[in-house]
Structure formats: C-alpha cells, structure tokens
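K.L.:
Encoded as structure tokens, here's the structure I'll be asking about.
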Amino acid sequence: MIDPYYVSLANQASGSALAALHYGYPIAVFVYYLVSSAVAVCTLQTKSADEGHKRQNVIKWLFLFSVLTFLVQLLALILQGVAQRRFPLEQDLTIGLLSCILVFGVEFAGLSDSPNPVWYPFVGSLALALVFEPIVCVLSLTAVPSESLSFVELFVTSTAAARCLAFALAFALYFEGGWTAQKERGTDSERQSLLKPGENDTSDANKQPSDEEAGEQQQNGYGTTETSEDESADANKTASTERVESPWERREREAREQMEKRLKEKGNWFTYARSFMIFFPYIWPVNNRPLQIRVGLVALCLLTMNFVNLLIPRQMGILLDSLSGANGENAWVQVLLFGGLKLVASEAGLSLLRQWLWIPVEYYSYDAISTAAYSHVLNLSSDFHDSKSSSDIMMAINSGQSISNMLDSICFRAIPMIIDMIVAFIYLSVMFGPYEGFITIATSVIFMYIATSMIARLRLARKGEVSAWFEEHYVRQAGIQGWTTVACFNQTEYEERRYSKAVRNRVTKSQTVQLGYILSYAFQFLVLLSGLLAGAHLAVYQVLGGQATPGQFMVLLTYWAQLVAPLNFFAGLGRSVSRDLIGAEQLLDIMQTKPSITDKEGAPPLRFSGGHVSFENVCFSYDKKKEILKNVSFTATPGMTMAFVGATGAGKSTILKLLDRFYDATEGAIYIDGQDIRDVSLSSLRNQIGVVPQAPVLFDDTVMNNVRYAKLDATDDEVYEACKAASIHEQILGFADGYQTRVGERGVKLSGGELQRVAIARAILKRPAIVLLDEATSAVDTETEHKIQEALRRLCEGRTTFIVAHRLSTIMNADRIMVVTGGELVEQGSHEELIQANGKYAELWSKQIFVKPQDKQDSADGKPISKARKAVNIVNDLPSETAKLELAKVKSKQIRIKASESDASGSEDSSGSEDSEDSTDTLVTPGHKKEV
Ligand SMILES: Nc1ncnc2c1ncn2[C@@H]1O[C@H](COP(=O)(O)OP(=O)(O)OP(=O)(O)O)[C@@H](O)[C@H]1O
C-alpha cells in the first residue's frame with residue numbers, strides 16, 4: 001500500500017507543476033511568437049514571403065477554434081465556481097486560460113490580417129502548444145482522482161483534447177499545404193504559357209485603377225481643360241495613366257526604393273542599420289569629453305526619471321493611507337515627500353536638467369551633420385549635380401535632423417517608456433496579484449494591436465491627403481511664380497478655378513483623415529478605459545476584501561494614467577521612425593556618393609608656364625551610351641585664341657568643361673604646359689582658369705559682392721576697374737543703389753546682357769591664365785558687343801583663350817577656328833584659311849553673311865523685310881563695309897570653285913582620275929581634315 005504522505009507529496013508536486021505550467025505555457029508561446037516575429041522582420045523575411053499558404057484559411061479558423069475552447073473552459077470554470085460557491089477561482093488556471101485566449105487571439109488576428117505571413121512564428125507556437133497541452137491535460141487529470149471526475153471536469157478535459165486535435169490538425173495542414181504547393185509548382189512550370197502573365201490576360205490588361213486610386217491620381221495639369229464632376233469620373237480612368245508624379249511622391253518613392261534595395265543587399269536590418277554608422281562621428285561627440293560627460297549624465301537622468309515615475313504613484317498611495325490612518329504615517333511628511341517627487345519629475349526638475357544637458361549635444365550633432373553634408377555635396381562632381389535637382393539635394397541635407405529625431409525617439413523616449421511599462425507591470429502584479437498584471441498586459445497588447453492596425457488602415461487616406469496638399473501647394477506656387485505667363489495669356493480665371501479645385505480636394509481628404517483619427521483615438525480610449533475599469537473593479541474587490549488598502553487603489557489609478565502616454569507613443573513609433581528613416585536614407589545616399597573628379601594622392605599643384613594646352617585623342621561620353629567627343633586633338637600655344645564653332649549640341653561646351661575638369665576624358669589626355677590635368681591638384685588647375693559661362697548664375701546679393709566673388713580680397717577699385725573693362729560700370733552706376741543693388745535670385749533683376757557683362761567683369765577680376773568664353777556675348781546687342789569685344793580683347797591679351805560662339809563675327813579674328821561636328825573636329829584654321837577651304841565653316845559663314853546687304857537694300861527701297869530674312873539678319877552684325885568685303889570673298893571663292901569644277905570635269909574627261917591643277921583651291925588649310 002502507498003503511504004498517504006507520499007501521495008500527498010506527489011499531489012502537491014503535480015499541483016505546483018500544473019500551476020507553473022498554467023503560467024508558463026502562454027508565456028512560452030507568447031515570447032516565442034514575439035521573438036520569432038521580430039527575427040522575421042529584422043531578417044527581412046516578411047518581404048520575401050510573397051506567396052500565400054494554401055491552407056491559411058483553415059489554419060486560421062483552427063486558431064479561432066482553439067481560442068473558443070479556452071473561452072469555454074473559462075466559462076465552465078466560472079460556472080463551476082458559482083455552483084460550488086468556490087471563490088476566488090484557482091488563480092493560476094484562470095490567468096492561464098485568460099493569457100491563452102490573449103496569445104492565440106493575437107495569433108489569429110495576425111493570420112487574418114496578413115495574406116502571406118511568415119509562418120514559423122505560428123508553426124512554432126503550434127509545436128509548443130502540442131508539447132504543453134498534453135502535459136497540462138495529463139497533469140490536470142491526475143490531480144483529480146478518477147472516481148471523483150465531475151461532468152464539468154470531463155467536459156473541460158474533452159474540450160482540451162479537442163483543442164489538442166485542432167492544433168495537431170493545423171500543424172499537419174501546414175506541412176501538407178506546403179508539400180502540395182511544391183508539387184503543383186513543379187507541374188505548373190511544365191504547363192505554363194510561354195507568354196508572360198498579363199500578356200494573354202486581357203481582363204488584367206484592361207484593368208482600371210480603383211476609384212480611390214483614380215481619384216488620387218487625377219490631376220488637372222497645364223494645357224488641360226476643366227471638366228465637370230461627371231466627366232472627370234470618366235476622365236480619371238484615362239488620365240490617371242498619364243499622371244505625372246509629384247516631386248514629393250518621387251522623392252519618397254526613390255528613398256523607399258533605395259532603402260528596400262539596400263535592405264535586400266544587406267540581408268537584414270542589423271547590417272542595414274550598420275550602414276548608418278557613417279553618421280556616428282556626427283552624432284557622438286568623438287573628441288569632445290565635456291559633451292560625452294553630458295550624454296552620460298542625460299542617461300543617468302533618464303534612469304532616475306524611471307525610478308521617480310515608480311515612486312510617485314507609490315507615494316500617492318502612502319499619502320492617502322496616511323490620511324485615512326491606515327499606515328500610521330505622518331500625512332504632512334508624506335505630502336511634502338509627494339510634492340518633492342512631483343517637483344523632481346516635473347518640467348522644472350529632472351526634465352529641465354536633462355534638456356539643459358542635452359542642448360549642446362543636440363546642436364553639436366546638427367552642426368556636425370549639416371556642415372559635413374553641405375561640404376560633401378559641394379565637393380561632389382558635375383555628374384552628381386547634373387543628375388540631382390537642387391531641391392532634392394537641399395531636402396537631403398535638411399534630413400540630418402531625421403537622424404537626431406530617430407535617436408531621440410528611440411533612446412530618450414522608447415527605451416525609458418519600455419522600462420516604465422515593465423516596472424508598472426511588475427509593480428502592479430506584486431501589489432494586486434497576477435490578475436492585475438494580466439489586465440495591464442492584456443490592455444497594452446490589445447491597445448497596441450488596435451492602434452497600429454488603425455494607423456495602417458489610415459495610411460492610404462493620409463497618403464492621399466499629403467498628395468493633395470502638395471498639389472495645392474504646387475498649383476499656388478506655379479500660379480504665383482508664373483504670374484507673367486498667367487497675365488499674358490489672360491488665364492487668371494483658369495488659375496483661380498484650378499486652385500480652388502485643388503483646395504477643395506485637399507480639404508475633403510483632410511476631413512476624411514481627421515475623422516479617421518478621431519474615431520481611432522476614441523476606440524483606443526475605449527480599450528484603455530475597459531482595462532482601467534477591469535483593473536479598478538479587481539482592486540475595489542481586493543480593497544473591500546481587506547487584501548489591499550485605498551492607498552494602493554490610488555496607486556493603481558495613477559499608474560494607469562501614466563501608462564496612457566507611452567502606449568500612444570508606441571502606437572505611432574513605427575510610423576515616425578519609418579518617416580525619419582526615409583529622410584536619413586536620402587542623406588545616407590548622398591554621403592555614400594564619392595566624387596568622380598578627385599585629386600590623385602599627393603597631386604602637386606599645376607606649374608604654369610605660359611599656357612600651352614593640348615588635347616590628345618580625347619574621347620568623352622556623359623553616360624557611356626552616346627559618345628559626345630571623338631578623338632579630339634589640337635594644340636594651343638601660349639597666348640593663342642582658339643574658337644570652336646559648329647551646330648548646337650556638337651560638343652563645343654563639353655570641350656571647355658573637360659579643360660576645367662568638370663569631367664574627365666574617357667580616353668586620351670589633356671595637357672597644360674606638359675602636365676596631364678588629372679595629375680595636378682584640382683584647385684590649382686581651376687585657379688588658373690577663368691570662365692564666362694553660357695548662362696551665368698549670380699547670387700542673390702549685391703552687384704559688388706557678385707563681382708568680388710572671383711577674388712574675395714579685391715578692393716572696391718579693382719572691382720570698378722573690372723566692371724569698366726567689361727563695359728558695365730556706367731550701367732551699374734545707373735542702378736538704384738549702384739554697386740549695392742541686389743541682383744535678385746540667379747540675377748533675375750538684370751537683363752541678359754548685363755548678366756553676361758557682370759560675369760565677364762568677374763572673370764576679368766580673377767586675372768586667370770587661361771580664359772574660357774562659352775557664348776559670352778550671346779545676349780548682348782551689337783553695339784554693346786563691340787564694347788565687350790574690346791573688353792574681352794583686354795581680358796584675353798597674352799592668355800590662352802578658348803571661345804565658343806555661334807555668331808561667327810565674334811570669332812573671325814581668332815588665331816585658329818575649329819569646326820566641331822558630331823563631336824569631331826572637322827576643320828581648323830584661321831578665318832581666311834577656312835573661307836578659302838570653302839568647307840563647313842564657309843558654309844556657316846555665308847549663311848550668316850549673305851542676307852544683310854539684300855535686307856538693307858529691301859529696307860532702303862521701302863519694301864518690307866521678309867520674316868525669314870529678319871531672323872537671319874540677327875546673326876549678321878558686321879559693319880556694312882566688312883560685310884561687303886566678306887561677301888565679295890565668299891562670292892569670288894564660289895565662282896572660282898565652280899570654274900575649277902568645270903575644269904576638273906573637263907580634264908577628268910580627257911585625263912581620267914588625275915588631280916586637277918587647281919587643287920590649291922579645294923584644300924589649303926593647315927590641319928584641315930576634311931577635303932571639300
Ligand atoms: N550634363 C550632361 N549630361 C548628359 N548629356 C549632356 C550633358 N551636357 C551636355 N550633354 C549633351 O552633350 C552634347 C553636347 O553638348 P554641348 O553642350 O557640349 O554642345 P554645344 O556644342 O556646346 O551646344 P550649344 O552650342 O547649344 O551650347 C549634347 O547632345 C547634349 O545634350
């Protein structure tokens with residue numbers, strides 16, 4: 001016979017094991033589910049899970065079934081307790097059942113929400129359940145002698161057994177579904193059409209965007225007419241496909257794509273986050289001990305704050321109990337202590353100290369990130385600046401703030417709040433027992449779940465609102481910026497209608513979003529209130545039963561109030577971190593871009609000795625697809641003026657850009673005084689070169705400062721001299737504030753000619769050794785041009801000069817003229833030589849020279865000048881004497897060519913393919929490549 005002592009010992013042991021299992025089972029499943037889900041997110045498996053599981057629906061309902069069985073068990077337990085007047089119910093069993101309802105309920109919601117979830121958190125939970133459930137079942141049965149098993153116990157055991165079966169079935173279905181899917185994939189691939197999906201699916205091809213998408217996408221661009229509401233519904237369907245992405249959407253899309261691409265490359269969030277370490281020296285004050293100490297003290301403040309947050313509710317309870325005499329404490333002392341704690345926790349206490357300590361650290365990081373990003377951008381090369389819009393770059397530099405925001409959210413808010421919540425949970429569990437702890441956790445979990453899913457649901461509406469907001473902004477800005485165009489075309493009413501439509505659209509969307517948020521907050525509040533009521537009822541029950549004091553009840557209420565802020569914060573944390581991450585990503589993208597034009601290590605400065613420039617077989621392309629320059633070779637001796645002419649887009653300006661090293665030649669080399677420009681330091685090279693660009697850009701500053709930009713230490717007199725040389729001095733003196741007149745953004749307050757002359761003055765002030773003039777006089781009238789020519793002559797005197805010009809009259813005196821066609825040098829020589837050669841240059845020249853005398857005659861006769869002639873006349877601005885002379889040259893040349901052609905054909909007839917004697921007329925220029 002078994003000793004009853006041992007039986008009771010065994011019963012006790014199995015009872016404690018059962019109690020431990022009741023708590024341990026849901027905890028194990030929940031922790032596993034949380035950790036594995038976090039791992040899935042961090043290792044990007046949520047992104048790769050792109051195919052739904054065949055049996056997902058059945059498995060989902062099996063999860064719901066299990067939740068219901070827990071609920072039935074709980075109800076049975078309560079009914080049994082009522083029937084047997086056995087209160088309180090077994091705590092471990094009740095908490096265990098409640099926790100299981102919560103845990104499996106969350107998993108059921110997870111399966112319902114996601115069409116293609118990552119499965120191992122669910123499958124692992126099922127496996128754990130299959131381990132725990134039978135043990136709990138067996139232990140529960142052994143705890144009760146078989147002869148005294150009541151109907152309720154039998155019912156509960158059968159429910160548990162049914163749940164076990166459901167779990168096993170779900171587990172098996174998961175593997176069965178995966179296996180069949182694999183099999184089907186195998187056979188499917190053999191049966192698949194050779195056409196890509198969609199190619200043979202006309203229904204898909206004709207698929208229209210949803211009304212909401214179409215509504216969001218429809219925009220009324222310039223050149224479209226207003227449509228009625230009904231028409232617009234139809235128009236949406238076709239117009240939506242042509243809709244142009246707003247700059248904001250493009251920026252966000254690009255940053256998100258970049259982030260996803262980088263995430264994929266890195267493989268998981270941890271290595272991805274490591275790429276942000278590039279910002280570490282800008283956030284952590286590496287070499288600044290006092291700032292480091294401040295950071296340490298801030299961390300200390302945060303920990304103290306956690307502690308004080310715990311003490312305040314406790315002190316409140318003690319104070320209340322001291323008032324009712326429940327604890328025998330002196331109420332005056334307690335109220336003083338309470339006041340002291342409140343002061344420490346207030347904005348005038350620890351918070352003040354923390355912010356005071358943090359301000360220099362925050363500004364250090366702002367200072368460091370902004371200046372580093374700005375300097376990095378300025379040092380990037382032309383290819384980068386050409387490929388990005390300036391507003392994108394500026395937005396990215398401003399994104400430095402996002403990194404500080406992200407750190408602030410995570411370090412100073414999220415971590416302390418997590419600590420606060422854990423402490424609250426433990427404290428309430430200890431003070432009021434595990435029921436109260438469970439209520440806290442359950443409320444937090446349900447609140448977070450509801451809040452995050454509501455935010456996710458509002459995302460689309462919010463996106464629509466932001467797009468509408470940008471649209472409104474864009475329409476307003478375009479109307480105001482393009483006011484002149486609006487006024488000229490008398491479209492004020494059209495713009496007003498356009499704007500009012502944009503505003504209405506935005507207001508409607510904002511109202512929807514706002515309503516969504518209000519409802520969402522109301523719902524979240526209800527969840528919190530339910531938790532509070534449940535917790536308060538439990539606490540009242542305990543206070544009335546004498547297990548707790550009214551002071552402790554007060555502690556509970558205060559803690560609940562303290563929990564609301566962290567919960568709200570966590571609900572929105574994901575959204576704010578993702579927004580900051582996108583901003584930081586844009587900056588990271590820029591910071592990781594390396595300049596393509598850099599100094600070689602230890603590159604010496606350029607040793608200038610006269611300005612001998614030579615291009616040797618230079619080839620170049622901007623994008624490696626289209627060759628822009630092909631084997632360009634020429635030499636300019638010191639002091640020589642070399643001009644490039646040719647059709648637009650031929651590559652003339654590109655030659656100048658290569659010389660100034662805005663780009664490097666893809667093949668061949670450029671030498672200045674025998675040194676490859678890639679081997680000398682960039683700054684010494686640019687110091688020697690002065691550029692007057694095609695479209696000079698001035699800063700929104702005074703004329704004086706704009707000219708002085710070329711030589712920051714130039715005196716006022718030097719600036720005046722330069723302006724006199726550029727024939728702009730008198731005009732500047734005529735401005736309202738003379739040299740102190742502001743020129744407006746990019747110099748808009750100056751005329752094209754004034755702008756160019758200011759740019760020339762700037763180049764003159766720099767006194768460069770090599771001068772690059774890219775259409776430097778294209779925007780000035782003939783009279784001014786003659787003045788500028790004189791100024792340029794002075795600027796270029798003794799300096800190697802390269803000129804790009806369309807107006808051939810401006811370069812006819814150049815030492816050598818190069819004709820560029822399709823990126824190749826097809827002719828070179830002096831003006832006279834090229835006219836003699838009668839090639840491309842002579843053709844261009846004759847086009848510019850021929851019209852004017854005829855026009856003059858027409859106008860002299862009083863006949864109207866034809867439109868075509870007027871247009872050509874613009875380029876022919878030679879003085880009439882010179883024009884006549886040039887015309888005579890070209891005409892006589894043509895007559896001679898014709899004569900030589902007829903001679904040649906005659907001699908060809910008689911002497912076969914021998915060259916004609918008059919061959920000097922057909923090709924005379926030195927270095928002339930192409931025979932005419
Ligand atoms: N930053 C750039 N990126 C890509 N292609 C470019 C860039 N700048 C110029 N190009 C292309 O290179 C070709 C040559 O341009 P370039 O400005 O050198 O011509 P150009 O002869 O000076 O013309 P124009 O007389 O009109 O100034 C053109 O086809 C132009 O579209």
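In case you wondered, yes, glycine gets a Cβ from its N, Cα and C as well.
Worth saying up front: this structure is predicted, and the values here are computed from it rather than measured.
Pulled the feature table from TrEMBL, pasting it below:
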TRANSMEM  23-46  transmembrane segment
TRANSMEM  58-81  transmembrane segment
TRANSMEM  93-111  transmembrane segment
TRANSMEM  118-142  transmembrane segment
TRANSMEM  154-175  transmembrane segment
REGION    185-253  region 'Disordered'
COMPBIAS  216-226  compositional bias 'Polar residues'
COMPBIAS  240-253  compositional bias 'Basic and acidic residues'
TRANSMEM  269-285  transmembrane segment
TRANSMEM  291-312  transmembrane segment
DOMAIN    297-579  domain 'ABC transmembrane type-1'
TRANSMEM  410-432  transmembrane segment
TRANSMEM  438-456  transmembrane segment
TRANSMEM  515-541  transmembrane segment
TRANSMEM  553-573  transmembrane segment
DOMAIN    613-847  domain 'ABC transporter'
REGION    893-932  region 'Disordered'
COMPBIAS  911-920  compositional bias 'Acidic residues'
K.L.:
Mind looking up the mean pLDDT for the domain 'ABC transporter' (613-847) in the predicted model?
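P.N.:
Over the domain 'ABC transporter' (613-847), the predicted model scores a mean pLDDT of 86.
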K.L.:
Short question: which residues 6 or more past the ends of the transmembrane segment (93-111) have a Cβ under 8 Å from it?
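P.N.:
For the transmembrane segment (93-111), the list is 21-23, 25-27, 29-30, 33, 37, 56, 59-60, 63-64, 66-67, 70-71, 73-74, 77, 117, 121-122, 125, 434-435, 438, 441-442, 445-446, 449.
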K.L.:
Honestly, do the transmembrane segment (438-456) and the transmembrane segment (269-285) touch, with at least three Cβ pairs under 8 Å and pairs 6 or more apart in sequence?
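P.N.:
By the criterion, they do not touch.
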K.L.:
What same-chain residues lie close to the transmembrane segment (154-175): Cβ under 8 Å, and 6 or more beyond its ends?
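P.N.:
Here the qualifying positions are 53, 55, 58-59, 62-63, 65-66, 69-70, 72-73, 76-77, 119, 122-123, 126-127, 129-130, 133-134, 136-137, 140-141.
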K.L.:
Assess whether the transmembrane segment (118-142) lies in contact with the transmembrane segment (23-46), where contact requires at least three Cβ pairs under 8 Å among residues 6 or more apart in sequence.
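P.N.:
Checked: the transmembrane segment (118-142) vs the transmembrane segment (23-46), in contact.
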K.L.:
Using Cβ atoms only, state whether the transmembrane segment (553-573) and the transmembrane segment (410-432) have three or more pairs under 8 Å that are 6 or more apart in sequence.
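P.N.:
Judged by the Cβ rule, the two regions touch, with the required three close pairs present.
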K.L.:
Could you tell me what the rest of the chain brings near the transmembrane segment (269-285), counting residues at least six beyond its ends with Cβ under 8 Å?
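P.N.:
Same-chain residues near the transmembrane segment (269-285) but 6 or more away: 41-44, 262-263, 291-292, 295, 361, 364-365, 368-369, 372, 400, 403-404, 407, 584, 587-588, 591-592.
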K.L.:
For the transmembrane segment (58-81), find every same-chain residue at least 6 residues outside the stretch whose CB is under 8 Å from a CB in it, and list them.
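P.N.:
Beyond its ends, the transmembrane segment (58-81) has Cβ neighbours at 87, 89-90, 93-94, 97-98, 100-101, 104-105, 107-108, 111-112, 122, 129, 150, 152, 155-156, 159-160, 162-163, 166-167, 169-170, 173-174.
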